[in-house]
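To keep things clear, I will list the structure first and then write my remarks on it.
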């Protein structure tokens, strides 16, 4: 579990003193839950009051709904809850996070899960289109995405493109890059599903033609010939007919909502259905926890170990869900859902008009980016107010608008002005026995009043604010300010008014040119942040506070009668996205298609995944007598363990046993690591990082195990810590591993070079954020110490090896099985071993099956990330731009153990040349030893870090020489057959060709001119353009791993079963392998099946990694098929070339011919030797070029990618659908790495040394609306791959495209250079200056880094100095 904490002794749910009072109030309450589930009536007479809807669903076997994060941030658990909405008086189908929803909340409602809408034999159109549209890779997030789309269609069967694009703002996917999901979903939009639409061969839908622009739509007006407009169904797809959906059960329309009382000794739930009942409960038990959407409470319970003994669910009280429009205000019920509040805000704007409705426009604007739809469907304004979050998006609006809160208790009604409501951090003026009944929001005046709201966050959609604001001014007829409210969130422990600034404004003429400077000065006094302010980002936050007012000021001026020159019109508009679109070159494989190979086919398991039928590790049915494990993790970054007391856990209900290092068969058995054995499964007497396992609690349920782990008491004696690479370098904290590559005479070349430039490149790490966390089920067998392991791992063989070690048996007694992974990306190559070894030991010691699936925060704390890198480089270059020499010291943050860090650093050294010929190179790599989790493999494995260093020095050299960087790249490109710095000849070298093609296809030169023109005419918005190449070496750097085995069986009926050493984690490996087998054997694809990856079918497998799995396993399968084909050759001759496999197999079987074959393959020619710099390092290089254009709002650091184009050389594609999916998914993951994904650690306080950015609430991966607005992908065609000796002459594609995402980073850098240049800040030409205007931009280019890289007067005056003795709040490692 997350860092252990001692919880107080559980007390009775209700103290004796109030038991009588509560029972007298609730004596008539019912205790039966009644609802419908997928059309079937469910009645529950006794429920665990602490159970969530997700736990209930999975507990009864509906495992299609997944647990991804337990905090409502990823959408994997999305279900639909249909209900009568008392606000709108209509049936509403709400997409809901089942991980947060209390089971008690579904009484009287209809719950629809992924299993309820369709199955593989009869899929729902949403399920079919997403699967056939290649919108599912690993599939773990897919059921939630399908249910979000389903909810949209149930509420509006003809949604607009915009509705579709926004429907997924509460869902995340780590694999696909979102483009194919959106394309599939858009087939339901009114613009694309109309049979008249141009895209569907018609003459134009009225929405596309003028009719749509003037508000006319055939769906509203009826068409001229009175014929109904047909819905267009893409060829080969099931038609969507809304009339065939699950109906809202008629009995629920008559359902009597009774007050409910549920619970046991530890916990009581009450569900009143009238306001009077609620007030009665609050009067006798004021501390009862009021639950509306449970969006905050469930997180407190799950992650903060909060215990609420009495909870009152208020979601079914109609009186709290009403609203009314009055002359001068709108009154909204405290428990109106945020989704309904969006609708109410739009109605209010229509009712009062845009001037009087300004505050409602602000509410609607803030709600647009407030969490995801699933949260807005249950969250309420009262919940938002009561939790008193200092970064709430709505609270500043309520305060600035002078709203009044109506608090009711049993005997009184209190009106609280919102300006007096927030008393301190998470403290309010709400009376203890009171509830928020309603909020009165005043309308704005007809004349002279102006209102606006703003927000800036790390990610546009579904993200908490860094800073938000609501600003209101009221002017008289002479434009003198009568009143002003400048209210901010994210600037203090509470929502706070800038009082000095507000007071300064009153009485001043708003149009007076000096007023802006006066307010800016006042805001600096109001928000005099110190460098180490909680939450960090002092300069950025201050600049946002000032920037928001600057934007507001000019927006107001634009509406007053002032000189045009006084208004900064350009600053007013914020960045808004268009509907995203894109294209793939569907004809790229036509030249070499075979019967099956080279053709587009969906992922073999896609339909199972979209229907929720695909089984993942934690979906395996619970075994009899099974135990659940919860890890006890260290809460200190480096400390001696002085004592561990697990006795409090053993006294809790359901807890069975505590396991730690003393249960190992020997001290040696506790050691593990790859390739160096320098880790322990359980800490012994010292911990080296937070999140290091100390023990595991076993219990009869996951909830009991978690409760047990929390009360294990560990005492520590803290020791000195090291976190960052800079600290490690200073203290010389390194692992022994040291490698270098040296070619030519570096020292001599520097003397001869025209220019020598130096620089530092730094990039952060990246969390894998696979949607399925680490999971394992271990089943001990009754004989011979056998153990069966089901694990979410990329490495079944290493799993087998270490399970055998901890169980003290031979490897042949352990079977490691993998059906599929819900994403891996390298994070389950070695780090899965830790959990599996511990769970296997627990199963061995208890003799019972043991299961454990980590929470998202546990996973992020324990499993390691992509390595942060730091490089100090020196480059010699001639006047013509030709680079002559590179010297670099490269450091990576390995964490507390080595894991695969050595190989990661080695690959970075081999990729530090990028795509450029440098005759003299000397590069060295070291591993920094720090007190963070052990960093590990991640898609690209050091390659992206090495190439990023390369492209960074290219950018800085170009700036120093005043050469366009795109030209500098061309000047230095390798030519075909030139040798890399590790002496490998570049065969089939196509980067220069692709570079030229991308320049032409994207109209790069014209767009460069347009960007320059745009930047010259825009002060606050800047555009940037970049084109970046990549080459990525394919092979394991460890020679012995470049091998694979396969087993192929043909059965009597002609069907084929294939087993191979690779695991399926969404990358489509099994799909490609079945295609290879089907092509080789001449059978249909449907006749080939892969069941699982297991160590008892294919032994001694290499991990599925390094983008080599298709090459290795594909050839092994081909080899096995070739053996069988040789045996079947006489029967083909005898029965004819068109004989079916069924006939061939039957004839061969009766002739006693072996229809099974064991295939094998090892990569030829490779074998690099470090030091001497001899031998071939890689089998070949996958290559690519990408181009991107961005627009940056330099006032806030906000940005959007306008367009991205990618062209990859992946040889002859085995399956273009799979390969395009890999390219798009890798690009978006790379874009996240280089622009938004930032890991931070707490520097001090009770969480000192712990990862701060855990879970989707704090760690932001790209969402649906972060992808390029135009996203085009193609594959190189029209060339010959003469030297490529791979299966089908294909190239590995999983990792290479990830670096392509960096083009967005470099486009942002290009935009920032333009922003700085307008203030005269740029690089000094021809000199290696340290303090000039050269832009040194670290990765990731977060909104904070973007804004603080600007040099405008607002950000300069916002600069917060680091004072002596001060340190930052967070640590970036």
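Just so it is clear, glycine is given a Cβ too, placed from its N, Cα and C backbone atoms.
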Annotated stretch (region 'Disordered', per TrEMBL) among the listed ranges 1-23, 24-46:
1-23
Report the mean pLDDT of the predicted model across the domain 'FAD-binding PCMH-type' (262-446), rounded to a whole number.
93
Residues satisfying Cβ distance under 8 Å from residue 138 ([2Fe-2S] cluster 2 binding site), sequence separation of at least 6:
174, 175, 770, 771, 772, 820, 821, 822, 823, 824, 1065, 1066
Any further residue of that chain within 8 Å (Cβ to the Cβ centroid of 829, 907, 941, 1037) of the recorded substrate site:
826, 900, 903, 904, 906, 937, 942, 943, 1036, 1105, 1106
Given the recorded positions 74, 99, 907, 1295, state which is nearest to residue 825 (Mo-molybdopterin binding site) when distance is taken between Cα atoms.
1295
Using the Cβ centroid of 370, 393, 455 as the reference point for the FAD site, which residues of the same chain not in that list have Cβ within 8 Å?
366, 367, 368, 369, 392, 394, 453, 457, 465, 468
Do you see any of the recorded positions 77, 173, 393, 1295 whose C-alpha is within 10 Å of residue 829 (substrate binding site), and which ones?
none
Extra residues within 8 Å (Cβ to Cβ centroid of 794, 825, 939, 1106), Mo-molybdopterin:
824, 826, 827, 829, 937, 938, 941, 1065, 1104, 1105, 1107, 1294, 1295
For residue 175 ([2Fe-2S] cluster 2 binding site), just count the other CB atoms lying within 10 A of its CB, please.
30
Within the same chain, and leaving aside 138, 141, 173, 175, name every residue whose CB is within 8 angstroms of the centroid of the CB atoms belonging to the recorded [2Fe-2S] cluster 2 site, in sequence order.
136, 137, 139, 140, 142, 174, 176, 771, 822, 823, 1066
What's the CA to CA span in angstrom from residue 794 (Mo-molybdopterin binding site) over to residue 455 (FAD binding site)?
41
So what sits near residue 77 ([2Fe-2S] cluster 1 binding site) in its own chain, CB-to-CB under 8 Å and at least six residues off in sequence?
54, 65, 66, 67, 68, 97, 98, 99, 144
Neighbouring C-beta atoms (10 Å sphere around the C-beta of residue 829 (substrate binding site)):
25
Residue 74 ([2Fe-2S] cluster 1 binding site) and residue 907 (substrate binding site), distance between Cα atoms, whole Å:
32
Using all protein chains in view, find how many other C-beta atoms are within 10 Å of the C-beta of residue 1106 (Mo-molybdopterin binding site).
28
